[in-house]
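Taken from TrEMBL as is:
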type     : residues               : note
BINDING  : HIS340, HIS344, GLU363 : Zn(2+) binding site
ACT_SITE : GLU341                 : active site, proton acceptor
ACT_SITE : TYR429                 : active site, proton donor
DOMAIN   : 515-659                : domain 'Peptidase M1 leukotriene A4 hydrolase/aminopeptidase C-terminal'
COMPBIAS : 665-680                : compositional bias 'Polar residues'
REGION   : 665-700                : region 'Disordered'
COMPBIAS : 685-700                : compositional bias 'Low complexity'
Amino acid sequence: MAELHQAPTSLCCCRKSLPDSGGRCSGDLARPSAGLGLESQRCPLVDVASASNFRSFQLCHFHLDLRLNFAVKEMSGWLVLDLVPVQPGVCSLILDSHPSLLIHSIDCKVPGAGQQEPVSLTYRVDPFTDYGSSLSISLPTAAVKPGRAVQITVRYTTTDGPAIWWLDSELTCGQVRPLVFTQGHSVCNRSFFPCFDTPAVKSTYTATVRVPDGVTVLMSASRSSYSKQDRVFQFSMEFPVPSYLVALVAGELQHVDVGPRSRVWAEPCLLSCAVKKLGGSVERWLGVAEDLFGPYLWGRCDIVFLPPSFPIVAMENPCLTFIIASILESSEFLLIDVIHEIAHGWFGNAVTNATWEEMWLSEGLATYAQRRITTEAYGEPFTCLETVVRLDALHRQLRLLGDSNPVSRLQVKFESGVNPSTLMNLFTYEKGFCFVSYLSEISGDVRRFDCFLRDYISEFKFKSVVAQDLIDYFLSYFPELKDAAVAKREGLEFERWLSGCGPPLYEPDLSAGGALIGPVQDLCDLWRNADPPDLEALATFDLSTWSTFQIVLFLDRMLDHSPLPHSVVASLSDSYSSLFDGLNAEVQIRWLQMVVRNSFYPDLPRVRAFLHKHTSRMYTVPLYEDLVAGVMKFVAVEIFYQTQRRLHPNLRRTLQQILFQTSSTNQNGSALPPSSGSTPPQEPTAAVATASPGGATGTTATIALRDVNVSA
């Protein structure tokens, strides 16, 4: 930390200095171009995941002023909202909040009205869902008029909410200093600050963060500065963003520049490894993306690596991508995840889905863009191989859920109370990708479709859209397709793509990856079709020369056929287990799932060693679920009690629920006997929701997290 204090007062040397004044009004829903006749013009937007009355106001800007207290794990301070009422007769402001937020006071000022002192306002907090509450603020009717700016200040303290993850030093990579980070996707940031917690609303923001000595603060902001004397960090996001993309991390963090507009941040013990893994690749990937989709709009493209407690793989926070440090083990998965988050700079961050019911508008387009980038940077065979791995996982999920499950729709209609985070599954990524690929196919030329996407971003940047916006813009861009009525082509109707259940109606041609994919399938066939396998034929396959994605595809396809004969699993172990020991965790977890699903006890020590080493959700939950589902539950319980002190309390609760069918903990987060009755709040998971004919209503099965690209 001494190095940070010896540095110039500008924390991010490539960023501009902080602005002198607040932001501007911006970030409302995309307005259709003349003549498009969009559905969004005809139907007012409804976001059932938000309790707020966001349609009654224009949010111009907001400011956060926070003090971080690591000793008591609290953030305290205030929020200032610059609002303009847009409807007559508005007498209250309703914000999304959370029971974990302690509201101390709320007041109001009307800029330019000659008002000397702010007016104290009355408010009430009402239940909304299990992931939030509503904060209703009574407004002075005499001062609130359409088009007249009003400033609301909310003083509050955060406690134990789902957006804020406090890590004791023992849970960090360096185990020296504590760390805190926030994770807002999808609807968690209402426990970070009261807000219009809907992707339909975007605004600029500024923040002032006061911290103890030795703590570095980063935020998803385009400008930043640091006062060493006051230990105050200041941030400004000059581009409008939705609430879920406001993110903060604070702890012992250092950085190295890896390009003219990117740097890597991490705890000191991780930094050199992270820099070595990424090298100068970030600028290369940005350049490829800009050639395809137009200028990168956010200025900075920094990356911070977080400890294994980070609940997902990666998060595309603008200017500052969050990535779990565990992924550093696998260069190929790291490459894919970073490129996916870079793609979100255009698809998801610049142009955002207006509701969580159409999350594919972010994830499907970002996945398509990611694969265009990898095709240009690494060739079509590599991209086809990675795509096959993911589409295999999609069909695996479909076999589990059934083709008629409503969560397989691109437009998932869910009822009030359903947490949108539970709908994050492979359909939003891979079925969305297939639909975008289909649009590219019927456009006639991939380069022509690149131009369409570039112009789509230019048309809708910094706005929130619905699917009809994309479709209408596509048909206006390609009028010959509109004239040919491609939207109603039998069996491939756009409406069926969006509202129909089941597998994608079209999948792209992946034959260019045949040289990489073919040997994998040949090896699978050898192992599955012979008992004992033909050792002479197997000897022609040298897995030590294979890429990670090839080995992952092999193990995934073998897992699909488990349980296997004991002799086959024994031969697999003899042939490959020593090799897998030296490979990354993405390979190891799949082999160990094979061990568990086939009750292959000779390799059980490898399972124990893996779960003692890895403490991230992505590598623990799938193995624990397999252990409990089979005959090895006693092993899972034993390992859990041996390792629970090194697990984040949220993950500890999840594993406890898997093991004991309860989510009970005592006050320090350690496991209680199954008979305990309390049920603490759960963090968002990559669960797959079931749905009634009218909409999603709950969860029934958690797909293995390795099957879901939980890079949000």
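Note that Cβ sites are derived from N, Cα and C of the backbone, with glycine treated the same way.
Its own atom aside, the Cβ of GLU341 (active site, proton acceptor) has 26 Cβ atoms within 10 angstroms in the protein chains shown. Summarised as a single figure, the pLDDT of the domain 'Peptidase M1 leukotriene A4 hydrolase/aminopeptidase C-terminal' (515-659) averages 95. In the shown protein chains, 26 other C-beta atoms lie within 10 A of the C-beta of HIS340 (Zn(2+) binding site).
When Cβ atoms from all protein chains are considered, those within 10 Å of TYR429 (active site, proton donor) total 27, not counting its own.
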